[in-house]
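Peer 1: Input: one structure, supplied below.
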Amino acid sequence: MNIHEYQGKAVLRSYGVSVPNGKVAFTVEEAVEAAKELGTDVCVEKAQIHAGGRGKAGGVKVAKNLDEVRTYAESILGTTLVTHQTGPEGKEVKRLLIEEGCDIKKEYYVGLVLDRATSQVVLMASEEGGTEIEEVAEKTPEKIFKEYIDPAVGLQGFQARRIAFNINIPKELVGQAVKFMMGLYRAFIEKDCSIAEINPLVTTGEGKVMALDAKLNFDSNALYRHKDILELRDLDEEDSKEIEASKYDLNYIPLDGNIGCMVNGAGLAMATMDIIKHYHGDPANFLDVGGGATAEKVTEAFKIILSDKNVKGIFVNIFGGIMKCDVIAEGVIEATKQVGLELPLVVRLEGTNVELGKKILNESGLNIVAAESMADGAQKIVSLVG
């Protein structure tokens with residue numbers, strides 16, 4: 001689960017991580033009032049959306065007086081920001097972070113992520129802050145320094161100091177930088193984060209080390225023990241179809257194609273998308289109904305797929321292990337009747353009770369195309385969609 005920058009900074013502040021003073025504003029008047037309360041000569045107005053690249057898209061402005069605060073707030077609030085992370089549809093800006101400006105001397109990058117290869121948290125840092133870390137990793141990987149953290153003992157002071165020296169933090173500020181990284185790590189662990197990214201971390205003319213931006217992503221499976229974090233969820237920033245899918249324990253991710261996919265198991269779902277692409281089709285979604293699908297689940301999955309107006313056909317690809325093929329067949333028939341499906345539907349069943357499942361489909365009287373294999377099903381749906 002993602003949260004907004006201003007929320008992330010509030011979380012970090014509670015762990016002793018230094019961040020600029022700021023206030024969130026939902027209207028132009030609130031933005032002006034927030035700037036007055038901050039009482040600073042220069043303030044920064046930042047669009048609050050769940051996406052990076054806001055500065056390049058015009059979502060970050062520096063205001064030097066209250067008139068500029070008002071002008072920038074009027075120009076940003078209610079507009080749709082399109083960045084490299086939002087997709088072409090962009091995201092509407094419904095809130096601003098009004099933050100005090102600071103005298104930036106140098107920008108750095110600091111982040112914590114899970115490293116699956118070592119099953120450890122890794123602290124990454126670079127003196128190339130303010131730019132996309134992926135870009136730095138691709139062009140100048142030698143500028144990224146890493147410390148792998150033993151989960152039994154946590155981040156050690158010597159590791160944080162080594163990172164600070166490697167990225168050339170001024171020696172008089174190393175102590176502050178170490179405190180910053182230790183606080184960031186505590187927040188990461190105690191709040192069950194999957195990502196904690198500070199880009200940029202800055203040193204200032206006043207001799208401070210602070211986070212000018214904060215991206216925190218939380219493990220959705222751990223939210224049951226973090227009610228305070230769950231309350232920060234902004235449903236307006238999430239895809240409505242993904243929200244609906246989560247209510248039925250369906251894993252749904254929208255894509256840009258026109259062939260809806262309903263599959264059980266993440267691996268089979270990815271293989272299904274691959275084989276559709278292989279036969280020159282374009283999947284419209286990733287949808288994993290899981291191992292315990294019921295007729296109700298299948299019906300809801302159909303409804304979610306069909307809520308995408310780009311979908312021109314559906315491919316159901318089920319391997320019945322825990323799940324029985326006859327249950328899926330009944331669910332497909334029920335869903336087809338309920339939604340009044342008029343689009344081409346190809347169904348491939350394999351596994352437990354497969355013959356019974358096929359019999360149920362064949363005797364349904366509905367226009368359902370049976371497939372003997374995954375490749376056969378992919379070719380048929382691509383052909384039917386045209």
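In case you wondered, yes, glycine gets a Cβ from its N, Cα and C as well.
Per Swiss-Prot, the feature ATP binding site maps to Lys46, Gly53, Arg54, Gly55, Glu99, Cys102, Glu107; the stated evidence is sequence analysis. Positions annotated as Mg(2+) binding site by Swiss-Prot: Asn199, Asp213. Sequence annotations record features per position, and here Swiss-Prot assigns substrate binding site to Asn264, Gly321, Ile322, Met323 based on sequence analysis. According to Swiss-Prot, the domain 'ATP-grasp' annotation covers 9-244, on the basis of sequence analysis.
Help me picture where these features are in the structure shown.
Peer 2: Residue environment of Glu107 (ATP binding site) contains 17 other Cβ atoms, counted within 10 Å of its Cβ in all protein chains.
Residues within less than 8 Å, Cβ to Cβ, of Asp213 (Mg(2+) binding site) and separated from it by at least 6 positions along the same chain comprise Glu5, Ile198, Asn199, Pro200.
In this structure, Gly321 (substrate binding site) belongs to neither helix nor strand by DSSP; it is coil. All chains included, 12 other C-beta atoms sit within 10 angstroms of the C-beta of Gly321 (substrate binding site).
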Peer 1: Can you grab the distance from Cys102 (ATP binding site) over to Asn264 (substrate binding site)? Cα atoms, rounded to a whole Å.
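Peer 2: On Cα coordinates alone, these residues lie 51 Å apart.
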Peer 1: State the count of C-beta atoms found within 10 angstroms of the C-beta of Arg54 (ATP binding site), not counting that atom itself.
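Peer 2: Result for Arg54 (ATP binding site): 22 neighbouring Cβ atoms inside 10 Å.
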Peer 1: Can you check which residue among the binding-site residues Cys102, Ile322, Met323 has the largest number of Cβ atoms within 10 Å of its own?
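Peer 2: Sorting the candidates by Cβ neighbours within 10 Å, the top entry is Met323.
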Peer 1: Show which residues of the chain containing Gly53 (ATP binding site), separated from it by at least 6 in sequence, have their CB under 8 Å from its CB.
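Peer 2: Gly53 (ATP binding site) has long-range Cβ partners Thr83, His84, Gln85, Thr86.
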